[in-house]
Amino acid sequence: MRIYNTATRQVEEFTTYTPGLARGYVCGITPYDHVHVGHGRVYVFFDMFRRYLESLGYEVRLVVNFTDIDDKIIAKAREEFGPEAYKRWREVPERYIAEFFEVSKRLFIKPAYAYPRVTENVDDMVKWISALVEKGFAYVAPDGSVYFEVGKVPNYGVLSRQRIEELIAGARVEPEPGKRNPLDFALWKSWSPGEPWWNSPWCPGRPGWHLECVVMSTKHLGVPFDFHGGGADLIFPHHENEIAIAKAYFGVDNFAKYWIHVGYLTVRGEKMSKSLGNVITLREVLSKYSGEALRLAYAMSHYRKPMEFSFELLDQAEDIVKTLYTAYDELSQAVADAGDADRERVDIGNFKAAFYSALEDDFSTPEAVQQLYAAAKYIISTVLHKVDKLSKNTVLAILADYVKMADVIGVLERREVAKEVEEAVKALVEVRARLRSERLYQLADYVRERAKALGAELHDFGPRTYYTIRRRG
C-alpha cells in the first residue's frame, strides 16, 4: 500500500522495519473533559488502518497514551474541587479515561497494544532529561524548570516545513523568564503551590508534554518504529518537538518512519472548538446513532481532508449500515438454500478488488465504502435471487469476502443477535411460508407485521423468505 507521509510530503510505499510486524504510536487524549467527535475521527481512522494491516497478515502493535497530568487537568480539578484539588486531581483523568474506553467499545475500536500513562513513566522521563542536559541540548532555569534548547538541533522544523528564524520572528514576544529563546520548550516544569509534583534532581515538578510522548512511544516500540500518528493540529509544535528530542537523545534523524495525520473536523464550516460552543461529544452522538454509523460517516471523508460533521450525514450512514446488515443476514440464511454445484457464475470479487485497491491508494476510505455498499446492493439485487443456482461453497465464499471488507471498516460488528429473538423470527417465517403456500395472504401480512414488531424485516425471493433483524446501540 501507499500512504502519505507528512515528513516527506509524499505518498510513499508503506513498508515496515520488521516484515509482518507494524509498530505504531498515536497521541492519546488529555483526559480533562468529554471525548468528542473530533477525537473519535482520529482513533477510528487508526483502528481502520490497523484492521487493514491485519487483513494483509500483519501483526500490529499500536500504542495509545494518556496525558494524565497537564495544566488543563489541574485547572479542571481546581474548578471542581477548589482547595481539595491538590488531593483529588486524579479523579479528573480517571473519569475521562473511563469514558474514553466506554465510547471506544461502542465504536468497536480494538484494544491497543498498550495504554501508557504519563504518571506511570515519570522516572523514565527524569532520566531522559538528565541525559539531554548532559548532552548539552537542555538547560536548567533559575526556578528549577528544564528547557530544551531548540537552536541546538539541526534542521528544526523539518516536519512542519518551518525555519527556526521565521518562527522566532513570528513569535513577537520576549522569552519567558528562564528561557533563552521563545521557541525553547519545557521538559520539566517547576512546581507551583497546590499542584501535583514529583521529585527530580532540579526541583519538585512534572514533565513537559512533548517529552512525554517520545519517551512512552520508544519505550514500548523501540527506535525506530514504523508510524506515528495523530490529528493534524499536532504537527506543530508537538510532533516537531518530539522529533527534536529524539534526534538529540538517540542521534537519529527521525524516530518514526511515517508520520500520518488526520484532518480537522468542522461543524457548519467552522473548526470544532469550545470557544465557539460547537463541540459535540461522542456520548451525545452514540445515544442516538450506532457506533457503526459513526465509523461509516468518518470513512466517507478522506482522512487527510477536513470533514464536515452533521447529523444528516449520520442519518445517511445509518441507512447504509441497515443495507449492509440486510445483505449479511439474508445471505447467511441463503446458504441453506444453495445447491451442490454452480449453474451460474456469481461472485463479488470485482468489488473486493476495487475495495482493496482504494485502500492501497493512500487509504481512500470513501471509495472503499462505495465498493462495500455496492457489494451489499449486488448481494440483495442479484445473488439472493440466484441462490438455488449456486453451490453452498460459492455462497459461503461470497459471504466471506463481504465480511472481510466489512471487518476492515469496522461494520457488521453486531452480527450476533439475541438467540430468543432470532428463534421467534424464524418461527414466524415458517408460519408465514405455510400461509403463503395456502394463499392466505392477509394472514401472511399480519405475520409480517408481528415480525416487524420484533425488529425484523422479511424479504421474499420467489418461494424463499429471508429476514434481517434490526440491531440496537
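Placed from the backbone N, Cα and C atoms, the Cβ positions cover glycine too.
Residues or ranges marked as Zn(2+) binding site in Swiss-Prot: Cys27, Cys213, His238, Glu242. Taken from Swiss-Prot, the feature ATP binding site covers Lys274. According to Swiss-Prot, the feature motif ''HIGH' region' maps to 29-39. Here Swiss-Prot flags 271-275 as motif ''KMSKS' region'.
Recorded features from Swiss-Prot, shown on the structure.
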residue: Cys27; record: Zn(2+) binding site; Cβ within 10 Å: 22
residue: Cys213; record: Zn(2+) binding site; Cβ within 10 Å: 26
residue: His238; record: Zn(2+) binding site; Cβ within 10 Å: 19
residue: Glu242; record: Zn(2+) binding site; Cβ within 10 Å: 27
residue: Lys274; record: ATP binding site; Cβ within 10 Å: 9
Which residues, given as numbers and ranges, are at least 6 beyond the ends of the motif ''HIGH' region' (29-39) yet have a Cβ under 8 Å from it?
66-68, 70, 72-73, 75-76, 92-97, 99-100, 103, 231, 264-265, 272, 279-283, 285, 294, 309
Could you state the CA-to-CA distance between Glu242 (Zn(2+) binding site) and the residue listed as 'ATP binding site' to the nearest Å?
26
Mean pLDDT for the motif ''HIGH' region' (29-39), rounded to an integer?
97
Quick note, His238 (Zn(2+) binding site) and Lys274 (ATP binding site): C-alpha atoms separated, nearest Å, by 21
Hey, how far is Cys27 (Zn(2+) binding site) from the residue listed as 'ATP binding site', Cα to Cα, in Å?
20
Compute the C-alpha separation of Cys213 (Zn(2+) binding site) from Lys274 (ATP binding site), stating it in Å without decimals.
25
For the recorded Zn(2+) site, whose residues are Cys27, Cys213, His238, Glu242, find every other residue on that chain with a C-beta no more than 8 angstroms from the centre of their C-beta atoms, and list them by sequence position.
Trp209, His210, Glu212, Val214, Ser217, His228, Gly230, Leu234, His239, Asn241
DSSP-derived structure type at the residue listed as 'ATP binding site', helix or strand or else coil:
coil
What are the helix, strand and coil residue counts for the motif ''HIGH' region' (29-39) according to DSSP?
3 helix, 1 strand, 7 coil
Work out the three-state DSSP category of Cys27 (Zn(2+) binding site).
coil
